[in-house]
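I have placed the structure first, in the form of structure tokens, so that the comments after it can refer back to it.
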Amino acid sequence: MIKPLLAVMIGGCAGCVIRWLLAVRLNAWFPNLPPGTLLVNLVGGLIIGATVAWFARYPGIDPNWKLLITTGLCGGMTTFSTFSLEVVTLLQAGNYLWAVISVLTHVTGSLLMTIAGFWLVSLLF
């Protein structure tokens with residue numbers, strides 16, 4: 001039980017730090033669609049798609065690595081709660097168009113990036 005817990009903790013710590021750094025560096029550039037939040041959600045989609053495809057292709061790999069990457073890294077890095085707060089903030093400010101654009105960009109983009117992750121693994125390996 002300790003190895004899976006450590007895997008999630010290590011991945012989660014790395015993911016949280018990545019998310020924080022990107023938010024600090026990028027989100028002020030464009031407050032209507034904060035690029036740091038968008039980037040972590042899109043990259044997280046790509047990583048989780050590629051990881052699941054990789055582990056399906058190579059099932060003999062220690063499952064703790066999958067936990068580290070999917071539950072830990074992607075769980076710590078991606079952020080539905082911050083995305084939700086940003087959309088609500090846009091709605092409260094009357095920026096309805098940007099709220100809709102944000103929802104469509106995050107959801108559609110993340111789904112497409114997850115598909116791309118699966119596709120990349122099948123293409124390259």
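Quick reminder: no glycine exception, Cβ is built from N, Cα and C everywhere.
According to Swiss-Prot, the protein has these features:
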| type | residues | note |
| --- | --- | --- |
| TRANSMEM | 4-24 | transmembrane segment |
| TRANSMEM | 36-56 | transmembrane segment |
| TRANSMEM | 68-88 | transmembrane segment |
| BINDING | G75, T78 | Na(+) binding site |
| TRANSMEM | 100-120 | transmembrane segment |
Cβ neighbour count within 10 Å of G75 (Na(+) binding site): 18
Cβ neighbour count (within 10 Å, all chains shown) around T78 (Na(+) binding site): 24
Secondary-structure category, per DSSP, in which G75 (Na(+) binding site) falls: helix
